[in-house]
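> According to TrEMBL:
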type	residues	note
SIGNAL	1-24	signal peptide
DOMAIN	116-366	domain 'AB hydrolase-1'
ACT_SITE	Ser193	active site, charge relay system
ACT_SITE	Asp329	active site, charge relay system
ACT_SITE	His360	active site, charge relay system
Amino acid sequence: MSTALLAVVAVILCILFRILNVNSQPQKPFLYCKDLSFLDTILKIAPLLQEPYIPTRLWGFSGHVQTIIHSIIGRVRCPWPIGERCYVSLCDGTTLTYDVYQPLDQSHEDDFTLAICPGIGNTSESVYIRTFVHYAQCHGYRCAVLNHVGALGSVKVTAPRIFTYGHTSDFNEMLSHIFEKHPNTRIVCIGFSLGGNLVTKYMGETDRCRSPNIIGGISICQGYCAIEGTKWLLNWQNFRRFYLYVMTESMKSIILKHRHVLLHDDVKRRCNLIEREIIAAATLPELDDAYTRKVHNFKSVTELYQWSSCVNYLQDIAIPMIFINARDDPIVPEALLQPIRQFALEHGNTLYLELAHGGHLGFYEGGLVYPNPVTWLDRALVALVGSLALVNADTTLKSSAGMLQ
């Protein structure tokens, strides 16, 4: 083998090792929490938070690879849980759907429901949702999964709108219907990516009437501020512009798939929509300027993003919350995580978990090349739900003791 060829091979190997980040070592999650009694209660049920997260050895230390494998391949040996699809007709003509999955383990006496809000353009049929739902069912939890309006190919859009980044009314409608069917159930709200923003915003909206049976919320891999997040996604550093392109095309395909309703002549005339501008949009801000802000009557994209961002609602959250992010998430850069770190350090009943690795919703663990079928995130979420249940039980017990004194 010639020296030149050896040099080329060496360069390629160096690039691969750099991309795969194989020199990294497993690390424990960083815990940000002001309330030590709250943290102690969480750790009683979720001791894995004090253990190192061990990604798949060959590629799991790369946030890019974790994110890409998650988005393209999903989970390994992913089960298909059997659920019931519920249809709700809203007052604006929208057909809302959500899927309910009953617990497989019937040994639990308590009635808990996990209200799940998926990521952008995702549904109950998304692979990572299916895996988590099945794992939660096996641990005795009922799961209800919101299908974002317009995202399911099998459900027609019946009103001139789809889901947005900050529209929490659909999630609220699902919760209302759950309580109608199961009035005594206690609910933990769980949001992934965009869904994490919606769940957090829902918890902090002051004009929202929430049931006392909602005992906590968990947000995973969200960016907290759409205005700042968009600034990062618009540059090519760490290939963020590529991820923005994929998200833009996904949103655009949903709009165009339902164009006979969303872009009907009456709708275009009423909302001043120009179809060629929607089709030509190359980024989410361009698409939101051409379509989303007009449909929802915002004067500008900035106003839309300001209203949508959960960072502006954090101060009014009174329910226990847990937030999870990975520092190597290529879609949510580390610079966006400072507000939630600060919030967790200044407010009670709040825990922020920050992992060094995991990518965007990946968190694969174990193995050299082939990961475990259940991810670190699946295991952590089920443990955290149990922790929030214990926090709620302790709070109820203290309140009862106080009333007796």
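Backbone N, Cα and C define each Cβ position, glycine as well.
Because TrEMBL annotations are produced automatically, they should be read as predictions rather than curated entries.
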> Between Asp329 (active site, charge relay system) and His360 (active site, charge relay system), what is the CA-CA distance rounded to a whole number of Å?
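Per the Cα atoms, Asp329 (active site, charge relay system) and His360 (active site, charge relay system) stand 5 Å apart.
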> Let me make sure I understand the structure: which of the active-site residues listed (Ser193, Asp329, His360) has the fewest other Cβ atoms within 10 A of its Cβ?
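Among the active-site residues Ser193, Asp329, His360, the sparsest Cβ neighbourhood within 10 Å belongs to Ser193.
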> How many whole Å apart are the CA atoms of His360 (active site, charge relay system) and Ser193 (active site, charge relay system)?
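It is 8 Å, counting Cα to Cα.
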> So what's the average pLDDT for the domain 'AB hydrolase-1' (116-366)?
96
